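Trainee: One structure follows; several queries about it will come next.
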Amino acid sequence: MPQALEHADGSWAWVVLLASLVTQALTLAFPTCIGVFFNDLQRDFQASNSETSWFPSIMMAMLHAGGPLCGILVGRFGCRVTMMLGGLLASLGMVASSFSRSLSQLYLTAGIITGLGMCFSFQSSITMLGFYFVRRRVLANALASMGVSVGVTLWPPFANYLLEDLGWRGTFLVIGGVLLHCCVCGAIMRPVATNTAPETTATPAPPFKTTARGCLATCGLIIRHHLAFDILWHNTGYCVYTLGVTWMSLGFLLPHVFLVPYARWHGVEEDRAALLVSIFGFCNIFLRPTAGLVVGRKRFASYRKYLFSLAVLLNGLTNLVCTVSADFRVLVGYCLVYSVSMCGIGILIFQVLMDIVPMDRFPSALGLFTILSGIASLISPPLAGFLLDTSNNFSYVFFMSSFFLISAALFMGGSFYTLQKKEWRGREAKAKGAISEATPVKDPTLEDKDDPKKHLCSEVMYVTSV
């Protein structure tokens with residue numbers, strides 16, 4: 001018996017929203033608590049800052065860079081199966097990492113396997129949310145992103161509590177069980193009836209006899225389709241946004257990884273240092289719904305990309321505070337201001353992408369978008385760790401973060417303004433062309449036979465579409 005499809009903007013959409021919120025709390029927010037384990041991992045494995053930084057960077061890279069593979073699985077099996085598979089992989093990776101005897105084993109288990117599983121669960125929930133909500137999509141994205149805030153608030157103290165009693169190995173084992181809740185969230189994702197169905201992996205069947213060149217061409221078409229290279233080539237706004245967010249990712253992750261070690265380095269107690277990251281999430285729990293209601297209004301639709309650029313700029317300027325003082329009260333103030341910019345980035349980063357790209361190509365566009373961000377996330381923490389090992393000064397890490405964020409904000413804001421100005425000029429040129437074509441044309445062939453004088457009758461042409 002075929003399963004009945006749910007309708008967009010229906011009652012079940014709010015259940016899907018709750019499942020997406022929980023999924024983001026379990027997956028996207030988890031790497032923010034890695035800083036709690038940083039010193040213990042560094043001590044047990046006798047590793048440098050750069051070597052230890054590879055662990056969160058690999059996890060974040062897989063969390064983002066697995067997008068194309070996730071898009072293929074979503075097109076083939078659907079969001080429900082992909083989310084449940086992601087929950088199993090994330091749990092398996094964390095359980096296996098608790099038995100790791102070297103950093104390389106930790107990279108493989110908690111980094112690659114867990115990161116890939118989190119990617120499947122997280123990106124499938126984002127895609128499903130876009131199909132379930134049409135009229136209230138901005139508000140839905142803002143409310144779902146509250147999951148990141150809840151996770152950022154709860155993960156650090158929870159991980160620190162387990163770390164004191166069980167050590168990092170026992171903590172990873174417990175976290176592996178917690179991540180199985182992604183499977184429950186995936187079971188909630190019922191198929192939805194939409195006007196634009198998500199992309200599938202179906203391609204024209206090749207002829208029986210194919211040459212090597214034909215196989216390569218077919219593979220190239222499949223890769224181009226699933227990685228949205230055609231959108232990147234023809235959609236200038238998507239190209240600008242992808243490059244800007246990739247450059248931004250080189251600096252955005254660094255405070256989440258190095259803030260707790262930075263505070264401990266300057267004598268802040270472990271509990272209070274872990275509390276700093278929780279401030280990010282706690283403030284965003286209240287900021288994101290309010291900001292989502294405001295930004296979701298129609299009058300702000302054309303300004304969302306500029307608001308996103310402004311949030312990135314504020315985020316970069318805020319990081320400069322850590323280069324001035326490491327006093328706990330100063331760091332608390334830094335976290336409060338940082339939460340505002342983090343709120344803007346969190347609620348707008350996927351909504352701006354949905355505004356730029358058609359929804360039927362969103363899974364492919366999200367795949368390329370996240371794989372480039374994942375590469376940046378893979379490079380950034382080890383590079384900052386190497387800079388820290390060389391200089392033995394945390395201030396350079398925050399200077400590095402501010403540089404990438406500020407330059408990315410200026411690039412995106414300037415590029416979007418230039419593209420919009422160019423679009424306005426194109427509309428004005430078309431309007432002037434329409435006016436010139438609507439000028440009167442006299443027809444001298446029409447004449448009145450009764451009147452010896454010839455009367456000219458004007459024939460007017462109107463352009464009905466521009």
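Placed from the backbone N, Cα and C atoms, the Cβ positions cover glycine too.
Per TrEMBL, the features are:
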type	residues	note
TRANSMEM	12-38	transmembrane segment
DOMAIN	13-425	domain 'Major facilitator superfamily (MFS) profile'
TRANSMEM	54-74	transmembrane segment
TRANSMEM	81-100	transmembrane segment
TRANSMEM	106-131	transmembrane segment
TRANSMEM	138-158	transmembrane segment
TRANSMEM	170-189	transmembrane segment
TRANSMEM	238-261	transmembrane segment
TRANSMEM	273-295	transmembrane segment
TRANSMEM	307-326	transmembrane segment
TRANSMEM	332-353	transmembrane segment
TRANSMEM	365-388	transmembrane segment
TRANSMEM	394-417	transmembrane segment
Trainee: Could you give the residue numbers and ranges of same-chain residues that sit at least 6 residues beyond the transmembrane segment (365-388) on either side and whose C-beta is under 8 angstroms from one of its C-beta atoms?
Mentor: 48-54, 56-58, 60-71, 119, 123, 126-127, 226-229, 231-232, 238, 241-243, 245-247, 249-251, 253-254, 257-258, 350, 353, 357, 394, 396-397, 400-401, 404
Trainee: Any contact between the transmembrane segment (273-295) and the transmembrane segment (170-189), i.e. 3 or more CB pairs below 8 Å with pairs at least 6 residues apart?
Mentor: no
Trainee: Hey, does the transmembrane segment (238-261) touch the transmembrane segment (54-74), meaning at least 3 C-beta pairs closer than 8 angstroms, sequence gap 6 or more?
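Mentor: The answer is yes, given that the two segments have at least 3 Cβ pairs within the 8 Å cut-off.
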Trainee: Do any residues, 6 or more residues outside the transmembrane segment (170-189), come within under 8 Å Cβ-to-Cβ of it, and if so which ones?
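Mentor: Result: 15-16, 18-20, 22-23, 26-27, 30, 37, 78-84, 86-88, 90-95, 97-98, 110, 114, 117-118, 121, 124-125, 128, 159, 162-163.
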Trainee: Compute the average pLDDT of the predicted model within the domain 'Major facilitator superfamily (MFS) profile' (13-425).
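Mentor: The answer is 83, the mean pLDDT of the model over that range.
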